Amino acid sequence: MPTNSYRFLVASEDIYFQNTLQQSITFSDPESIKVLKDFYHSNSRPTLTNKDFLIVYRKEKEKDTKKKNSSVIKFPRNDFNSFEDSKNDIQNQAKILNGKVGDFENSLLPRIYDLDELSKYASLARIQSYRAKTSPDKSEWQTVILDFIVTEKVQLVELINDPQNPKVGQIIIKPVRETIKSPEIHINLINDLLEMARKAKNFRIPTELLLIVDKFGANSEYSTNEYIKGVTNTLSCSPSLTYPQKYQLFSYNSYPAKIKKLYEHIHTFAEQIKLEDEINVILKTNLDKQQTEFILKEKIKAIRKKLGEDSRYEDEIEELLHSELGKKVFPKEVAKTIMRETNKLKSMIVTSPESNITKSYLDLLVALPWKKVKKDILDIKNVREKLEEAHYGLDEIKKRIIEYLAALIHRRSQSEGKPELEKVGSDYIDSNLFLSHKIRKVRSNSIPILTLVGPPGTGKTSIAMAVAEAIGKEFVKISLGGIRDEAEIRGHRRTYVGALPGKIIQALKKVGVSNPLILLDEIDKMGADFKGDPSAAMLEVLDPEQNRFFQDHYLELEYDLSQVLFVATANEIYDIPEPLLDRVEIIELSSYTFIEKIQIAKSHLIPAVLKENALDPKYFPIQDQTIDFLIRHYTREAGVRGLKRVIDKIVRKIIVKLLEKTLDQNFVIDIEFVRELLGIEKYDPDNVDSSPQIGTVTGLGYSPLGGSTLQIEVSTIPGRGDIKLTGSLKDVMQESARIALSYVQSKAKDFGINFDFENTLIHIHVPEGAIPKDGPSAGITFATAIISALSQKPVSHNIAMTGEITLRGKVLAIGGLKEKTMGAYKNGIKIIFIPKANEKNLVDIPQEVKDVIQFIPVDTYQQIYDFIFK
């Protein structure tokens, strides 16, 4: 065996590469003990002292957890003083002193096949002493501790087998010369390196370094070169450095290169400390700020407690927010806003104005229903029964509403993927509300808005209430009449003093659910001024594609109105803004007939009034004839509000007579009794003549109060050939009269009229001059009255007519035929001329009216002339 070959130890990063101070390794596994014994007996005098061995280092490879324990010797990751403390920990002890050649089954020893597995440089070590702990019978070693020093850095040359034991390998080495002298290195540089290492608090300095520094200071024989080597090599073995960093420093053969690289490593640690210090300063600043805020908040709490106030309000809100119901009801964005405002309120002085504003805002956020809904009653039979019970007549209207609700019920029951309402306690939660991805569902689930158009008192509001009751919805009414400020709908911004949310949000807060029926009353009576146009704000509310994201200025959060059933009412369809009209579905309600009013009075009004006044029905014996008298002579309306007031007045007067005991025991409410209680009749039938008159013809009119008759009078006076119009006629009606006169003049010969138009003034008057009148539908009535006056032929008082006339005598369609017909019916008209184009509207006329009145559809005026004057 060559003299420069050595047994070797495969080391890990815990071996000090060039540390000249004494180190220790503990062995306790049987195989390592066996190898040590062979090493012990390798000379004539058995010993381990002063024997040399190599410490070799494996090359860095990818980690293989399966071979980790068999390929790398494990040492404690700390300095040499800790080896003795860890000798009882098998995993932290050295496994083998000799490397073995070959591959042996069940071997825990490192397997070294050639030098390519090892790093180029190794450490030559000498055993200084050893301590062996033997078995009780002194025959076997159990634990061996080797004390050694690294004597030299060497280069590996060849791996060879031991002839005596082929299983054991040895390595041939050669010395390595390391240069140290350089003008770049002097004692001050080493001292600076030591100072930087001390300041880098995260860089661990081996304790051996103190011995080297002390030795150099106390022993003048300890040369500068030895000092430089000792400091450099000891710092290079710092536990703070990684194994690759340690070996890289070990591999340099020039101490200037080692010191330069070591300086870079320590400088990196110093920069890390600097960065950590900066971060700590920032953290301390933030912590100081938080502590200051905490102290101030605690002081505020103490002050509030001293003033008799506490934080129960904020605690109650937080408790609600974290409750099971709160987690389900409040959307995430709303919950964040509530928490933010609650924290803001905690830091405020209670008496400050801002505190009151924030508290009012929090009250609204907590009071709104958000995802809370009321479960609908999806029963079409129940809807029909409720409407029949609540209203008499209005069959067509009931059909429209039932069809509408049936479609709604069917759509909801057949909707795919919609989960059932979640019940939390006694409340229902709709998880489909306030979803971010619901835009794509809008068109398939959009519901048109119902708008009931009709005269006052015809039951628009009561129908809406009946619908809400029928499908189990909460009902709330919003009166829009006279609203001129857009903020009434969208709310005021919180920056304004006395700011409030809009009527929509207030209504939802009032009912406490997000799926009520909201009645928008008098939608046709909204106005606009310099404060904005509220009808424009209503566009967002009534548009199913927008109301899912309705924003109130006060709330400043989106509110989902998609589950609200809106029902609007109006008296006149022409007064509804066109953009709004485009978003709603119109259902028209017309005047009640006399028979309907009588039945309504008997079935609804009289029982309701008697109940309100706690009067026994036996004290209100009334017949249909008397009710009809009340309707005709004490009311003039399309609905029944006035009739209810008249009945209520009669009931009160009967109660007075009961208390005064002046009421006959067998009295009956007849026409004379009514006159006694109410006085003379307030209304007579419209001024319809009782006999045919020359120059007077009955026309038909329509107003928000319903239909009525109007007399058109024509007389001739000597004068210039001209026309005079009186009776508060507006432009369209004046033009209609002039067109009728021009038509009659052009057809005078055909009508047998021989009249001096150039020297005669024709005066046309429509009575009740205080009432403005407009519209083209009196055209044929003007023509008939003019012909009657010029030809001196009377027209029957039982005939009425409505229709626009052209210069060629064509009769054009008109609107409001049903209401006009009801006005004629109330005044005893028997024959009505209507435009042929309106014949299709006769289906809307009640049968009881058609049984009394004859309708004659005409295309041209000639047909009317032939019927009346020939």
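Each Cβ is built from the backbone N, Cα and C atoms, and glycine gets one as well.
Cβ neighbour count for S777 (active site) (all protein chains, 10 Å cutoff from its Cβ): 27. Residues or ranges marked as active site by Swiss-Prot on the basis of sequence analysis: S777 (among others).
What Swiss-Prot records for K820 (among others) is active site. The Cβ neighbour count for K820 (active site), using a 10 Å radius over every protein chain in view, is 26.
In this structure, G457 (ATP binding site) belongs to neither helix nor strand by DSSP; it is coil. Just so you know, the Cβ of G457 (ATP binding site) picks up 22 other Cβ atoms within 10 Å once every protein chain is counted. Per Swiss-Prot, ATP binding site is recorded for G454, P455, P456, G457, T458, G459, K460, T461.
Annotation comment: Swiss-Prot describes 1-270 as domain 'Lon N-terminal', evidence class sequence analysis.
In the predicted model, the domain 'Lon proteolytic' (691-870) shows an average pLDDT of 90. Per Swiss-Prot, domain 'Lon proteolytic' is recorded for 691-870.
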Given the recorded ATP site (G454, P455, P456, G457, T458, G459, K460, T461), which additional residues of the same chain have their Cβ within 8 Å of the Cβ centre, ordered by sequence?
L452, T569, N571, L589, A638, G639
So for P456 (ATP binding site), how many other CB atoms are inside 10 Å of its CB?
16
Distance, K820 (active site) to G459 (ATP binding site) (CA atoms, angstrom):
19
Cβ neighbour count within 10 Å of G454 (ATP binding site):
26
Could you give the Cα-Cα distance between P455 (ATP binding site) and S777 (active site), in whole Å?
20
If you count the C-beta atoms lying within 10 Å of each candidate's C-beta, which of the binding-site residues T458, T461 ends up with the smallest number?
T461
Alpha-carbon distance [K820 (active site); K460 (ATP binding site)] in Å:
20
Helix, strand or coil by DSSP: which one applies to K820 (active site)?
helix
Within 10 Å of the Cβ of P455 (ATP binding site), how many other Cβ atoms are there?
23
